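A.B. asks: Okay, so Swiss-Prot annotates it like this:
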BINDING   HIS17, HIS19, LYS103, ASP251  Zn(2+) 1 binding site
BINDING   HIS19, LEU20, ARG21, ASN45, HIS140, LEU223, HIS255, ALA267  substrate binding site
BINDING   LYS103, HIS140, HIS178  Zn(2+) 2 binding site
MOD_RES   LYS103  N6-carboxylysine
ACT_SITE  ASP251  active site
Amino acid sequence: MTAPSQVLKIRRPDDWHLHLRDGDMLKTVVPYTSEIYGRAIVMPNLAPPVTTVEAAVAYRQRILDAVPAGHDFTPLMTCYLTDSLDPNELERGFNEAVFTAAKLYPANATTNSSHGVTSIDAIMPVLERMEKIGMPLLVHGEVTHADIDIFDREARFIESVMEPLRQRLTALKVVFEHITTKDAADYVRDGNERLAATITPQHLMFNRNHMLVGGVRPHLYCLPILKRNIHQQALRELVTSGFNRVFLGTDSAPHARHRKESSCGCAGCFNAPTALGSYATVFEEMNALQHFEAFCSVNGPQFYGLPVNDTFIELVREEQQVAESIALTDDTLVPFLAGETVRWSVKQ
């Protein structure tokens, strides 16, 4: 006789860092998020980036048009910060509940970030306005100087950009997104109530050995890049400790297969279909399932000053195999953990 499956019921989660792209890709990937999550912070790094209220409103509508009937999902829009952004435009979007937050990409740090910020001084009037109105700043925390090793970019960002910024604007709410190092985990843990972080499933489950030993695995390649195991362990300990200023942010970032499996492949893991079960696996491995719901469904809304979702979902603990690929116009998408057997999945 087969033992009954273990079921884990939690308040509906939110994804506080998500890439949905646009066009056919958007239509393909939105349902994988909207069937599970109540809300998601949608990244603005389209081409061209989302820098105006009108662009955000139009993008939000394209997202909503792709949400299947029966899914109750709210996209939370963000503004892409540039050196030339008008603070008045940002404040208008925030006051009209179009922009939930603004995103700081250092120029050329990741996909479609060539329009990003060249220096903090260049956007200081914008940041001062954000501090004044209580608008959160979302930060891709890596320096991009050519002489700095890719594995050191996050730690160097803390000392050269993040800490001086927070010393200068002490009331600014900051989310240090997709942190990947012990340095960042310690920095956020030791910070005040105006500093929080998101962490992806891939940075909790894997380290750079998994990506590079025995062959290059392009579908584990993302930015910030996977680090050594001591950093992975620090992240696992932070999220499963019950610390309340770290929350779910998948950084799900879809690219067509041919753009990942190439001589110069794109960075990003399409983890929306498998992320929640992956997080549950980590919490179970760390004997910390009692903190799982807070990480997924409570800590984020608390930091943003939003209500928690009033519906619930269930995860079931039974082995399931992840699809090898997902159909996309003229190509396919390879999901995170493609072809692998996973322990936890969302109950349908």
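The chain as shown is numbered from 1 upward.
Cβ coordinates are placed from backbone N, Cα and C, and glycine is handled just like the others.
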A.B. asks: Are there any residues in the same chain, six or more apart in sequence, whose C-beta is under 8 angstroms from the C-beta of HIS17 (Zn(2+) 1 binding site), and if so which?
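C.D. replies: For HIS17 (Zn(2+) 1 binding site), the qualifying residues are ILE41, MET43, LEU138, GLU177, HIS178, THR198, THR200, GLY249, THR250, ASP251.
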A.B. asks: Quick one: Cα separation, HIS19 (Zn(2+) 1 binding site) versus HIS255 (substrate binding site), in Å?
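C.D. replies: Answer for this pair: 10 Å between alpha carbons.
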A.B. asks: Give me the count of other Cβ atoms within 10 A of the Cβ belonging to ASN45 (substrate binding site).
C.D. replies: 22
A.B. asks: For the binding-site residues LEU20, LEU223, ALA267, which Cβ has the most other Cβ atoms within 10 Å, all shown protein chains included?
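C.D. replies: The most densely surrounded of these binding-site residues is LEU20.
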A.B. asks: Just to verify: the residue among HIS19, ARG21, LYS103, HIS140 with the fewest other Cβ atoms within 10 Å, which of the binding-site residues is it?
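C.D. replies: It is ARG21 that, of the binding-site residues HIS19, ARG21, LYS103, HIS140, has the fewest other Cβ atoms within 10 Å.
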A.B. asks: Applying the rule Cβ within 8 Å of the centroid of the Cβ atoms of HIS17, HIS19, LYS103, ASP251, what extra residues of the same chain belong around the Zn(2+) 1 site?
C.D. replies: LEU18, ILE41, MET43, ASN45, LEU138, GLU177, HIS178, GLY249, ALA253
A.B. asks: Taking the Cβ of ASP251 (Zn(2+) 1 binding site) as the centre, how many other Cβ atoms fall within a 10 Å radius?
C.D. replies: 27
A.B. asks: Within 10 Å of the Cβ of HIS255 (substrate binding site), how many other Cβ atoms can be counted across all chains shown?
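C.D. replies: That number is 26.
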A.B. asks: What is the interatomic distance between the Cα atoms of HIS255 (substrate binding site) and LYS103 (Zn(2+) 1 binding site), given in whole Å?
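C.D. replies: Checking the Cα atoms of HIS255 (substrate binding site) and LYS103 (Zn(2+) 1 binding site) gives a distance of 21 Å.
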A.B. asks: I need the CA-to-CA distance for LEU223 (substrate binding site) versus LYS103 (Zn(2+) 1 binding site), whole Å please.
C.D. replies: 15
A.B. asks: Sorry to bug you, but what's the C-alpha spacing from LYS103 (Zn(2+) 1 binding site) to LEU20 (substrate binding site), rounded to the closest Å?
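C.D. replies: Cα of LEU20 (substrate binding site) to Cα of LYS103 (Zn(2+) 1 binding site) measures 15 Å after rounding.
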A.B. asks: If you count Cβ atoms within 10 Å of the Cβ of HIS178 (Zn(2+) 2 binding site), leaving out that atom itself, what do you get?
C.D. replies: 26
A.B. asks: For the substrate site made of HIS19, LEU20, ARG21, ASN45, HIS140, LEU223, HIS255, ALA267, how many Å separate the two farthest Cα atoms?
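C.D. replies: Per the listed residues, the maximum Cα distance equals 19 Å.
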